[in-house]
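Chemist: Sending over a structure as structure tokens; questions will come in a sec.
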Ligand code: GAL
């Protein structure tokens, strides 16, 4: 089928093909016995059709002979049970045996193909951490964790002190006496859990880096990347990407399945069951663009129904085409699909592709063909410039995610969903957003939104002091030290330097507890989380709850929101902050989103109604038109930018 596949791919408008990311058992059927001929043929067949290749290292699926020779490569779950062979990702990231095997294999593979002119990129492994495989509670992980702690704390007394191990007699006599934080009758010490998460996050990075070192040597001209996942926070992606560990951030976008699997209210899941929530993909486009230093790809785009969410509906007509344009509008260099052809056997036989199992283009495949043809026919669309820095930044912080998962305090407190709520509000106001690390240079932004950040250090306070931006901080900001303790000055810790106030008590709110407030003419409630705070010095109280506790406080350009507010209130607070920052906002029609790239503005209709897009009267449309139907996309150039 291969020659025909290659020909049909090129005809469809496909330019890049990723292959081999799980094919270890075919490349090395027996230890040390490499069989490359089939892969040579696949590569030559695709290259002959003018296609460029992305080669995946197959280390997400160690073959059976390797597991039989080294069963300790299988990871151990938190309940102490070892996973079995028989699916994928069955390896312990801390296993030194496995790491050696990976370097050995990748050296052979990269040595053979690294300088092939058609292989323009390499992907390491596949979706590191997928299926909850970051943590392993194995002897190998324990040994490396102890060494990691020793490096960090130098003496066990220092560790006991920082961890507060005097509490409940948890003091350790030596580093090798420290265990992993699983199988404890009640909560393990939160800093023990946090340090384990920090350690595991670094393990993921160092596992990937071992392959990158080999690939840089053998494939010096290729782009090196990894395919990250949406809404996935188990390792720190900013740190992962540091020091040229990747050239491009690639990620796998499954909007409908993601909408179904994140903690959105049921009515939103119902409403967007076939279109996906309008911000769910955009959120990760805007996050991975900055992680990739401006360069990002969609490595796997949903092309029809998938197989892994609680329910897997067929996308509404037009969505597969819309998602491609959405990715491009947010700055993607490339959108690739999972998968070329639905595979009629094994685990993913219920997962669609661009082709049905009989090689007929699927409905999604036809939409991809349409998008590819439209882009090829339009100079404006095929020559999109690089995306510009947005005026608005949202700070997303992985350690905050871990800390608030370790100490949720209330069943429904979910940091990433808080960030998402703020993001959604900014996008409803028609804004472009960069999602960034708190350690990034934030000086160029006019509005910096920090939905929450557990630790506020002097560097961040320095950024605030230096910048002329408006800053919005949400609840729980500055509520912890790096040692996972409450700051002695009380939360929000070092933020008090620019915004004198103190958090005296905090409460999580069951759905029946709803302190009410209004901000301007918008009314709403606190949900999930609220703080009882005291304004100090010249800090102003801009809004208060019906029981008189301050809800929104500010001093100059810094504003603090002392609760998780209902959505309309978040939007009202952000609209005001944007306006103070001199950023124009416009409340978009329900379900409509816009995104600017180069001199074009794209609009996407995820709503049920046809809507008019907010283009100026003299705008020139390069795609679609002013009236936008459900599931449709348009793009225009505003008259003044001509
Ligand atoms: C991704 C993975 C692919 C495939 C796909 C199905 O997680 O990288 O190999 O399993 O999901 O949606």
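From the backbone N, Cα and C atoms, a Cβ is placed for every residue, glycine too.
Since the structure is predicted, the reported quantities are computational estimates derived from the model, not experimental observations.
In case it's useful when we look at the structure, here is the feature table from TrEMBL:
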DOMAIN    2-376  domain 'Glycoside hydrolase family 42 N-terminal'
BINDING   88, 126, 308  substrate binding site
ACT_SITE  127  active site, proton donor
ACT_SITE  300  active site, nucleophile
DOMAIN    390-584  domain 'Beta-galactosidase trimerisation'
DOMAIN    591-633  domain 'Beta-galactosidase C-terminal'
Chemist: Given 88, 126, 127 as the recorded positions, which ones have a Cβ positioned under 6 Å from some atom of ligand 1?
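Modeler: Those recorded positions that pass the cut-off, since their Cβ is under 6 Å from ligand 1, are 126, 127.
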Chemist: How big is the Cα-to-Cα gap, in Å, between residue 126 (substrate binding site) and residue 300 (active site, nucleophile)?
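Modeler: Approximately 11 Å lies between the Cα of residue 126 (substrate binding site) and that of residue 300 (active site, nucleophile).
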Chemist: What does DSSP assign the residue listed as 'active site, nucleophile', in three states?
Modeler: strand
Chemist: Once the DSSP letters are reduced so that anything not helix or strand counts as coil, what is residue 88 (substrate binding site)?
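Modeler: The residue in question, residue 88 (substrate binding site), is coil (DSSP, three-state).
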Chemist: Please work out the number of neighbouring Cβ atoms within 10 Å of the Cβ of residue 126 (substrate binding site), leaving out its own Cβ.
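Modeler: Excluding its own Cβ, residue 126 (substrate binding site) sees 22 Cβ atoms within 10 Å.
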Chemist: Measuring Cα to Cα, tell me the gap between residue 88 (substrate binding site) and the residue listed as 'active site, proton donor' in whole angstrom.
Modeler: 11
Chemist: Would you count the other C-beta atoms found within 10 angstroms of the C-beta of residue 127 (active site, proton donor) for me?
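Modeler: The answer is 21 other Cβ atoms.
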Chemist: Looking only at the domain 'Glycoside hydrolase family 42 N-terminal' (2-376), what is the mean pLDDT?
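Modeler: The average pLDDT of the model in the domain 'Glycoside hydrolase family 42 N-terminal' (2-376) works out to 98.
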Chemist: Quick check for the class: what is the C-alpha distance, in angstrom and rounded, between residue 300 (active site, nucleophile) and residue 308 (substrate binding site)?
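Modeler: Rounded to a whole number, the Cα-Cα distance is 15 Å.
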Chemist: Measuring Cα to Cα, tell me the gap between residue 308 (substrate binding site) and residue 127 (active site, proton donor) in whole angstrom.
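Modeler: So the Cα of residue 127 (active site, proton donor) lies 15 Å away from that of residue 308 (substrate binding site).
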